[in-house]
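Listed in TrEMBL:
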ACT_SITE  A:Lys178  active site, proton acceptor
ACT_SITE  A:His296  active site, proton acceptor
BINDING   A:Asn126, A:Thr176, A:Lys180, A:Arg297, A:His329, A:Ser381  substrate binding site
BINDING   A:Lys204, A:Asp206, A:Glu207  Mg(2+) binding site
DOMAIN    A:157-464  domain 'Ribulose bisphosphate carboxylase large subunit C-terminal'
MOD_RES   A:Lys204  N6-carboxylysine
SITE      A:Lys336  site 'Transition state stabilizer'
Amino acid sequence: MNVQPSQTVKGKDRYKSGVMEYRKMGYWEPDYEPKDTDVIACFRVTPQDGVDPIEASAAVAGESSTATWTVVWTDRLTATEKYRAKCYRVDPVPGTEGQYFAYIAYDLDLFEPGSISNLTASIIGNVFGFKPLKALRLEDMRLPLAYVKTFQGPATGIVVERERLDKFGRPLLGATVKPKLGLSGRNYGRVVYEALKGGLDFTKDDENINSQPFMHWRERFLYCMEAVAKAEAATGEIKGTYLNVTAATMEDMYERAEFAKELGSCIVMIDLVIGYTAIQSMAKWARRNDMILHLHRAGHSTYTRQKAHGVSFRVIAKWMRLAGVDHIHAGTVVGKLEGDPATTRGYYDICREDFNPMRLEHGVFFDQPWASLNKLMPVASGGIHAGQMHQLLDLLGEDVVLQFGGGTIGHPAGIAAGATANRVALEAMIFARNAGRDYVNEGPTILAEAARSCTPLRQALDVWGDVTFNYASTDQLDFVPTPSVAG
Amino acid sequence: MRVTQGCFSFLPDLTDDDILTQVQYALEKGWAVNLEFTDDPHPRNTYWEMWGLPMFDLHDAKGVLMELEACRKLHGDKYIRLSAFDSSHGWESVRISFLVNRPPHEDGFRLERIAGPGRTQRYEIRGYGLDRPEGARYR
Amino acid sequence: MNDAARDTAAPTVSLAAEYAASGVGPVLQQLDDELVGLAPVKQRIREIAALLLVDRVRAKFGLASEPPTLHMSFTGNPGTGKTTVARRMAEILFKLGYVRRGHLVAVTRDDLVGQYIGHTAPKTKEVLKKAMGGVLFIDEAYYLYRQENERDYGQESIEILLQVMENNRDDLVVILAGYADKMDQFFRSNPGFRSRVAHHIDFPDYTDANLLEIGEKMLAGLSYRLSESARAALTQYIPARRAQPLFANARSIRNALDRARLRQANRLFSEGDQALTLERLTTIEEADIRASRVFGQSPGA
């Protein structure tokens with residue numbers, strides 16, 4: 001698109017009372033070169049019909065930083081040029097009429113150190129409801145090294161989690177207890193025991209298992225820990241169950257987390273809906289108490305799934321790595337929930353790498369340094385089963401928790417058999433990969449071979465072997481492999 | 001009872017040829033391979049006895065197997081585990097670990113419960129073998 | 001075996017095709033190119049490669065064949081190319097499938113034998129573990145055995161080596177190297193080694209002409225050349241150096257040329273006011289060679 005030069009009004013005219021276009025107030029600076037310490041955001045802007053995209057993008061910069069709808073003289077009491085966010089680049093979205101990628105730089109002083117709430121209050125505060133925009137989506141952010149360093153990061157991290165669990169060289173295995181609702185504590189613990197004894201490393205509370213009439217939280221915790229201890233004795237392996245401590249208030253959550261610790265649990269769990277401040281509080285608590293912190297991304301699809309409006313999950317993943325959780329659900333590609341392979345790969349890289357290079361083909365818009373912050377273990381959950389093991393390993397790698405809920409509990413020969421089927425399939429696939437076999441293409445053969453000495457796996461393959469969820473993704477990437485020069 | 005620690009405990013016990021494939025994988029990644037043995041496989045027993053130092057700079061898995069054979073000669077009645085260390089920044093820990101020897105009979109563990117306040121229990125896992133003195137546990 | 005071969009009643013195998021498929025050709029060519037002279041050595045290496053290739057083909061016909069013993073001894077004076085040839089040998093064995101990795105681990109007594117009791121076995125095993133899948137090259141192997149001291153720790157190392165050479169024939173190849181006379185003595189005293197070494201290769205000293213060619217190749221590799229008069233000086237230098245003690249063939253030439261490069265650099269500094277042309281930067285002059293002590297000690301040479 002035509003690059004409009006800066007139209008910033010200088011001198012005393014800039015602060016004359018009245019309404020002025022955002023691009024004239026200094027929020028459009030095409031010559032600006034972002035500093036290493038700037039926070040940078042990339043928004044997908046859809047202006048209302050007739051609104052100039054540059055003006056719309058400048059308005060986003062203004063509304064997410066210093067501006068209000070009219071000129072205010074009190075700006076002149078501040079170093080306003082520094083605090084103004086600067087939109088420095090606007091590109092049309094390839095192949096999509098009426099949408100634009102706007103790049104906006106924010107000075108580091110705009111943000112409180114170590115506070116996701118403060119960061120998000122600026123970047124996704126008022127601006128998403130701004131009338132001149134039809135829709136607005138935060139696609140990605142570059143968090144400068146200087147800001148990353150002000151965060152704790154994952155309380156435990158992938159490496160230490162593995163050391164504590166004494167489990168290396170393969171994905172971890174989990175299952176969410178089903179049915180989600182209605183089991184009594186005693187019945188619930190049965191599922192946990194069977195699954196762990198059968199070969200899983202973890203079981204998991206679902207996001208809406210808190211403290212309900214059918215099972216109060218203490219019942220669940222007590223029976224679950226009986227199950228964990230018994231499974232550890234039966235296998236000689238360390239086991240865990242994510243006890244969901246999500247509750248109405250921080251006080252309640254701390255009480256539940258403390259009780260989980262007293263009972264000897266190695267892991268607790270929270271839901272994304274508790275909010276960023278509560279998440280950071282729990283991350284600090286987890287670090288203080290040697291606890292792994294699992295985050296269920298409950299609610300995220302309300303704002304991550306639609307392409308034109310909301311916040312991309314890759315940004316949520318970045319915030320959560322800063323905030324300090326140890327596990328985060330990040331998609332399965334092959335399962336029942338949203339996510340195409342390239343975009344999901346981008347999420348996984350954000351969780352697990354120490355440096356993310358810009359990779360538009362994975363939806364990663366910026367180089368992102370992580371300053372040796374711990375790595376965040378992605379969790380793949382929802383509609384996956386043992387017959388997909390080769391694809392899961394290929395797409396998601398080794399440092400991931402594979403959660404087979406239905407794929408464990410729905411096994412025709414019982415929960416323990418379901419767990420064994422998954423574990424055997426996984427170990428056989430890892431072995432084959434390490435031994436140099438073409439495991440992606442030979443996957444079904446490798447599984448069939450392993451099933452010869454493992455009846456539960458044979459049964460699992462018979463029941464689910466052909467189940468797939470092939471639907472078009474609603475959030476595919478917009479990029480052209482060789483970026484065209486913006487004319 | 002079968003202790004299921006390590007990466008391949010749910011597969012049939014690995015043959016020496018199987019072990020060679022996995023060791024070669026580790027060597028080609030540039031990891032140092034280490035052998036450890038114990039007669040106390042409690043899940044929280046982190047520090048098994050080292051069989052010499054981790055083996056650095058090897059090209060071929062057979063070198064590791066030589067040491068494993070020697071270790072089995074002396075400790076064939078115990079658990080032996082093989083692990084590989086990755087020294088690269090950001091990991092600096094074990095990358096893969098699996099059992100390469102088990103005692104002829106695995107005693108398993110007893111779960112002790114001690115009543116705590118309210119309905120809580122304190123759990124303790126004890127290896128049955130630990131009732132016998134060190135060195136005589138799996139004979 | 002390919003399908004075509006399987007289908008015919010009397011199977012045939014093309015030796016040329018096997019040879020091409022093995023990739024040994026380029027390694028032999030490289031040996032030819034990088035090493036001056038050494039015709040008898042190259043001939044022996046070719047013979048060994050041919051033998052191993054034929055062995056492999058015989059195995060495809062199902063003909064009885066013992067896994068060949070591949071341990072070797074390389075005898076010759078220092079600087080005659082033994083280590084370089086060993087490195088190529090490792091590659092050849094790898095290409096023919098007689099070792100799995102094809103690397104070379106070069107050691108001497110100090111790497112194998114310890115200083116105190118209980119030190120030797122771990123040291124020797126450490127070396128053996130690193131050599132697995134490749135070639136273990138033991139230079140001046142006879143120092144492992146000290147006739148005058150029967151409690152020498154070298155004996156322990158020898159026993160471990162012999163055991164591995166016998167039991168792990170598929171896993172590594174050992175090449176023992178050193179002076180011919182000392183090696184003969186060593187084999188006489190250690191029949192265990194003698195019986196396990198199948199190929200003896202003798203490395204002759206280089207001729208004066210060989211050494212001159214080697215010297216010019218070394219310099220060319222470093223982007224230097226000899227002026228006409230420097231070349232004449234080096235031609236005189238070689239027999240003079242040979243007549244002196246501790247002569248080490250190609251190694252002595254390398255050392256002499258290293259010193260000549262040092263003198264050239266010094267000379268360029270002392271002539272500092274002249275323009276530095278590419279010509280001057282790359283040329284070794286007669287004076288750079290003549291300043292050697294070798295000439296000082298035998299001025300007429």
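Glycine too: its Cβ is placed from the backbone N, Cα and C atoms.
In TrEMBL, annotation is done automatically, which means it is predicted and not curated.
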Give me the Cα-Cα distance between A:Lys178 (active site, proton acceptor) and A:Asp206 (Mg(2+) binding site), rounded to a whole Å.
8
With an 8 Å cut-off on Cβ-Cβ distance and a minimum sequence separation of at least 6, pull the same-chain contacts of A:Arg297 (substrate binding site), or say none.
A:Leu272, A:Phe313, A:Ile316, A:Ile328, A:His329
Measure from the Cβ of A:Lys180 (substrate binding site) and count the other Cβ atoms within 10 Å, all protein chains considered.
13
Give the sequence-ordered set of same-chain residues, not counting A:Lys204, A:Asp206, A:Glu207, with Cβ within 8 Å of the centre of the Cβ atoms defining the Mg(2+) site.
A:Thr176, A:Val177, A:Lys180, A:Asp205, A:Asn208, A:Ile209, A:Tyr242, A:Asn244, A:Met269, A:His296
Tell me the Cβ contacts of A:Asp206 (Mg(2+) binding site) under 8 Å, same chain only and six or more apart in sequence, or just say none.
A:Thr176, A:Val177, A:Lys178, A:Lys180, A:Leu181, A:Asn244, A:His296
Measuring Cα to Cα across A:Asn126, A:Thr176, A:Lys180, A:Arg297, A:His329, A:Ser381, which the record gives as the substrate binders, how far apart are the two most distant ones in Å?
37
Please identify, from the recorded positions A:Lys178, A:Lys204, A:His296, the residue with the sparsest Cβ neighbourhood, meaning fewest other Cβ atoms within 10 angstroms.
A:Lys178
Fill in the CA-CA distance, A:Glu207 (Mg(2+) binding site) to A:Ser381 (substrate binding site), as an integer in Å.
12
Within a 10 Å radius of its Cβ, which of these binding-site residues (A:Asn126, A:Thr176) has the fewest neighbouring Cβ atoms?
A:Asn126
Taking the Cβ of each of the binding-site residues and counting other Cβ atoms inside 10 Å, which one has the highest number: A:Glu207, A:Ser381?
A:Ser381
May I ask you to report the DSSP-based helix, strand or coil state of A:Asn126 (substrate binding site)?
helix
